[in-house]
Every structure is written in structure tokens, then in C-alpha cells.
Amino acid sequence: MRKSCLALSNSGEAAGGRLTGEVLLENVLTEIDSLLSQGILSNSREVSGLLGVVEDTLMLIGPQLRDTHTTMETDHTATELAVRRGQTPPIGPISLANDNVRLDTSWETATGNGTYPGFTLAGLVCYKTVERSVNNSFQYLTDTDTDTATATASKPNYQISSKVVTAFVSNPATEHLTQPVILTFKHLQVRAESAEMNYTCVFWSEGRVHEEGGAWSRSGCTKVTSNATHTVCSCSHLSSFAVLMALYPVQNTFELRLLTWLGLSMSVVCLLLCILTFWLCRSIQETRTTIHLHLCVCLFIADLVFLTGISHTQSKVGCGFVAGLLHLFFLGSFSWMLLEGVQLYRMVVLVFNTTIRPLYLHAVGYGLPLTIVIISAVTYPDGYGTTQHCWLSLERGFIWSFFGPVCTIIILNTFFFIITVWRLAQKFSSLNPDLSNLHKIKVFTVTAVAQLCVLGTMWIFGVFQFQEEGTVVMTYLFTILNSLQGALLFIMHCLLNKTVREEYGKLLSCICTPLKNRYSEVSTTNPSSSHSQGSRSAETTGESQI
């Protein structure tokens, strides 16, 4: 700021000490651009300082402008000033506007009831980049407890949804206007209000209200109307204004909790059956079975942790640990699916030696996700656990430490599956195809593609589920798919496998045979005893007749 003041002073000296209002305005806005381009706004106190200095400076420059209407736009600001001079105060409506906001008031409001100095000034400054400079400060609202919507729902998370503007007039008494001013804001993104989101009109309240230097407040500002693109605000005072987007977390209804518990419990049971099948069934032991075993182990642990700990956000350390486990084992499930794609590719391309060594399998299946988790935890340890879920934070793009590897694995597996199908088609069309082996690989490929689709689709909805603006529909879709994945894996890899069905049949016969033998023993014992009793009765009858 000191350098900026010196620059303005030097420009005045260069012009012989006589500067017009237009030159002053251009110089000030140029210096403001220089400040904002350096990203100096790191906290709310600096925001308050900038907004106050700009407003005070423009109120001094405004009366020196020659034109009655002046518009000036720079890289970081869009400024519009209107001045009326005369012996009597001006009357009538005033409308100042740019691409992002419109101010509607009257000359009577701008003049006020005090002494008329011979001119009336009204101004509007729109800051094009300030909302990105101090986003954390711009998400704080001082009077959340006074909001009836907040009182009846969970505490919302606020995001700025418009450009920041400063509206000012020459009237020195603007704290309680007799006639409110109307501000029409254009939203930064097109989005209609819903049960999970609404718009709030706010002004910047300086340090006397908030000890850290300033924060947003809705006092004196009300929302007149709102749609997907614009919000109209009515304010009884003048200051710096904006529109905040209040994001209310999706409520955990009884139906959703019941669906989660029932579905995930069924998924955990089915995954446990899969694990026992792949572990104990000797007739299906091969590399692909090992891959399925560890895939189900990863999903079993992930679902169990998800079921018991996803919402336990009370302890930051515990929540971070749960998020780390989910990150590790959900990544592990995708790593084992990548190995399945590689194994299918080797089965089709290589005739011999298609087995992958267990050391290599475990190095990729568990080593790769563990490496990613360790690097992520060291880089940004606060990224594990949020206020709403024990999952990865959305800040600093940390969520891509999960979705980045997942997207890469899905792309790689899609490539492997396309090559596998293409080579299968070639082998089927050859003169002497090994039909039994090719049909086996064909079934393996179909189930692998279906498996990838189930988990991939689940995490497509999972992206929206764990976003702050997650909707009820996405929550239910994610919960249903997350609940069904264990059952679908059990059906695809166990019930639809003829060898496994035969093993199940042998197991059932082993269980049923002792019961059948016991029943047979009881059945054969009863007729003999009744027969002997009948013989004795006949002998007794014969003796009595004789």
C-alpha cells in the first residue's frame, strides 16, 4: 500500500500536481489491479482493509469527475460512478450495472436528509477475482444461528456464489436507509435452489463484529427472489455485498440407514462366503482364484469399515484412521481388478506360463495402494477425514489421490479387455480352436467386465455422494450399488461357476447324508418292532383259541 501511495504521488508530480478525476480514478484502479494480481489477500483482515480503502478513495474521487456517468473496467475490477450537480438535490431512480451485478436505488437515497453539498454521488465496484483469493474467509457467516432454515436442519457449509461488490453513495448516513437498495447478482454457476442448497444475501461486516478482521453477515439484507442464474437482494444499508450458497448436508433418514445396514450386511456375508469358497475349494485353485480371493478380502474389510466407521467424525484421529483404511482397501480392490485384466490378457496372448508369481501379485495388489496412501498421508495428512464423512477431503484436490488411480486402472483394464476380446475373436475364427479353453476364457472375460462395471459405476455415484453438494438420489444410488456388490460377486464367481456348484453339492450331500442315515435308522427300527409286536399278538391269539 505504501508503494501504491508513492506511485500515485509521483504521477501527480509528473502531471504538475493537477490531476483530473478521470486520471485519479485510472491510477487508483491500476494500483488496485497491481495489488490483487500479487494475491496479497490472505485473511479477512486484509479483505476488510482493501474494501474500506477502495470505498473511501472512490468517494473522494467521484465528485471530481467531469462526466455525470463514468465507467471504467480493468483486469480485476469493474467500476461505475454517477454524479449529479446542481442547486437542488436530484430526484428519480438510479441504476448502475455491469455483467455481474445491478444496483437499483434513488437519488433521494443517495443524497440523504443532511446538508446538501451541491453534488450527489452513487457508485458500484465489482471485484472480478477477490472471491478466489480468500475463499476460506469467504465461507464464514457470523449469524448462522439466526437462520430458521439452519435451526431446523444440520449446519450448512457456505460457498460464495457471486462476485463481491461494493455499493456506496455520498449520503454519510447509510447504516439505516429509509428506502432499501436492490442488488441483483448473477451466480457464478447455474444452479437452482433445492432442499440441499439455497442462496443467502450477505454483506461484509468488518472487525468490530468479528475479531479476526471481518466476516459475512445477513443482518439487514433479505433475499427477494432467486432462480438458477440470479438472486435479487434487498438491503437497508450500504456496504460490500455478495451471495452465499448454503449447502445443507443430506440428512441420514431412517430409510437410508436401514438400507445401508441391511444391504452392507448382506454384502459382507456374501463376500465372506466368496472368501471361504476361494480359500477352501481345491478344485478351482489357480492364479485367477487367488486374485478373486484377495479382491473379496479387500472389499470385505472396506465394507466392514464403511459400515462401522464412515459417520464417526467425533474423533479427528479415529476418523482419519477410518478414512485411511477405506482409501487403502478400496484402492486395493481396484488393484486386484487390474491384475485380473492382466491375467486374462496373458491367458489369451501367452500359450504357456500364464501364471503370475504370488510375490508379484501381492506387490501390485497391496504394495501399490499402500504406496499411494503413504505418499498421500505424508503430503497432506489433514486430508483424511472431513466434518461430514470419514473419507478423503475435497480441499487441495486431495480426493484425486483415490479417483486418479481408480480412473487410470479403469482405463488400463478397458484396454486389456478390448485386446482380450479381439484376440478371442481371432482364435474362435481359426481352423483348429481349442473351444473348451476359449469358452472358459470368454466366461472369465464377461464376469471380469461385469465386475469392473459394478465397482466403476458405484464410484461414479460415489463422486457425487461425497461432494458437499451431494443429493439424496446420488446417496441412494451409491448405497444400493455399494450394498449389492458383494452379492453380485458371489453370484458371478460362485453360483454361476459349474465347478463351484459341484463343490457346493458335495458339501450339501456331506451335510445331508448323516441326517438321511439317521432318519433311515429310525425308519427301519420302527417297522421291525411293530412286526415283532404283531407276531407276539398272533401267537397269544392262537394260544387262546387252542
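Note that Cβ sites are derived from N, Cα and C of the backbone, with glycine treated the same way.
Automatic, uncurated: that is what TrEMBL annotation is.
For 77-251, the entry in TrEMBL reads domain 'GAIN-B'.
Across the residues of the domain 'G-protein coupled receptors family 2 profile 2' (256-497), the predicted structure has a mean pLDDT of 80. Feature annotation from TrEMBL assigns domain 'G-protein coupled receptors family 2 profile 2' to 256-497.
Positions annotated as region 'Disordered' by TrEMBL: 523-546.
The feature transmembrane segment is assigned by TrEMBL to 258-281 (among others).
Annotation source TrEMBL lists transmembrane segment at 293-314 (among others). Residues 252, 260-261, 264-265, 267-268, 271-272, 274-275, 278-279, 322, 325-326, 329-330, 332-333, 336-337, 340, 361-362, 365-366, 385-391, 482, 485-486, 489 of the same chain, all 6+ positions outside the transmembrane segment (293-314), place their C-beta atoms under 8 angstroms from a C-beta of that stretch.
The transmembrane segment annotation in TrEMBL covers 320-339 (among others).
For 359-378 (among others), the entry in TrEMBL reads transmembrane segment.
Summarising the annotation, TrEMBL assigns transmembrane segment to 398-422 (among others). Non-local neighbours of the transmembrane segment (398-422) in the same chain are 327, 330-331, 334-335, 337-338, 340-342, 344-345, 348-349, 368-369, 372, 375-376, 380, 383, 392, 441, 445, 448-449, 452, 456, 459, 463, 466; each lies 6+ residues outside the stretch with a CB under 8 Å from one of its CB atoms.
Look at TrEMBL and you will find 443-464 (among others) tagged as transmembrane segment.
Per TrEMBL, the feature transmembrane segment maps to 476-496 (among others).
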